[in-house]
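Noted in Swiss-Prot for the protein shown:
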DISULFID  Cys24-Cys43  disulfide bond
DISULFID  Cys36-Cys64  disulfide bond
DISULFID  Cys49-Cys53  disulfide bond
DISULFID  Cys68-Cys79  disulfide bond
DISULFID  Cys80-Cys85  disulfide bond
SIGNAL    1-21  signal peptide
Amino acid sequence: MKTLLLTLVVVTIVCLDLGYTLLCYKTPSPINAETCPPGENLCYTKMWCDAWCSSRGKVIELGCAATCPSKKPYEEVDCCSTDNCNPHPKLRP
């Protein structure tokens, strides 16, 4: 009986570990944490100025990615790989 219970515990742990998916904050508003699709194991925050930057601030994009998005000269890009590691910059402590 103990062997069966131990086997079930090990199988459960292995199955849960194989099924791990990352949680990232995503835009557009409202900003919610969502499960990333398989293969997308990074969270990212991308910020840039558009034509209305002086009046409303930078455009902020949050999401999941398989690789860190390319950074253009006028953009700020941050990537991370833990659950909910990309909060909206205005909401960071």
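In case you wondered, yes, glycine gets a Cβ from its N, Cα and C as well.
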Practice item. Measuring C-alpha to C-alpha, could you say which of the disulfide-bonded residues Cys49, Cys53, Cys85 are within 10 Å of Cys64 (disulfide bond)? Key: none
Practice item. Just name the winner among Cys43, Cys49, Cys64, Cys68 (the disulfide-bonded residues) by count of other CB atoms within 10 A of its CB. Key: Cys43
Check your understanding: Which of the listed disulfide-bonded residues (Cys24, Cys36, Cys79) has the least company, meaning the fewest other Cβ atoms within 10 Å of its Cβ?
Key -> Cys79
Study note, to complete from the structure: Minimal Cβ count within 10 Å, across the disulfide-bonded residues Cys53, Cys80, Cys85, points to Cys53
Practice item. Out of Cys53, Cys68, Cys79, Cys80, Cys85, give those disulfide-bonded residues positioned within 10 angstroms of Cys36 (disulfide bond), comparing C-alpha atoms, in sequence order. Key: none
Exercise for review: Measure from the CA atom of Cys85 (disulfide bond) to the CA atom of Cys24 (disulfide bond) and give the result in Å, rounded to a whole number.
Suggested key: 7
Review point. If you measure Cys53 (disulfide bond) to Cys43 (disulfide bond) at Cα, how many Å is it?
Key: 24
Practice item. Return one of helix, strand or coil for Cys68 (disulfide bond), based on DSSP. Key: coil
Exercise for review: Would you list, in sequence order, the disulfide-bonded residues among Cys43, Cys49, Cys85 whose CA lies within 10 Å of the CA of Cys79 (disulfide bond)?
Suggested key: Cys43, Cys85
Review point. Going by C-alpha distance, which of the disulfide-bonded residues Cys43, Cys49, Cys68 is nearest to Cys80 (disulfide bond)?
Key: Cys43
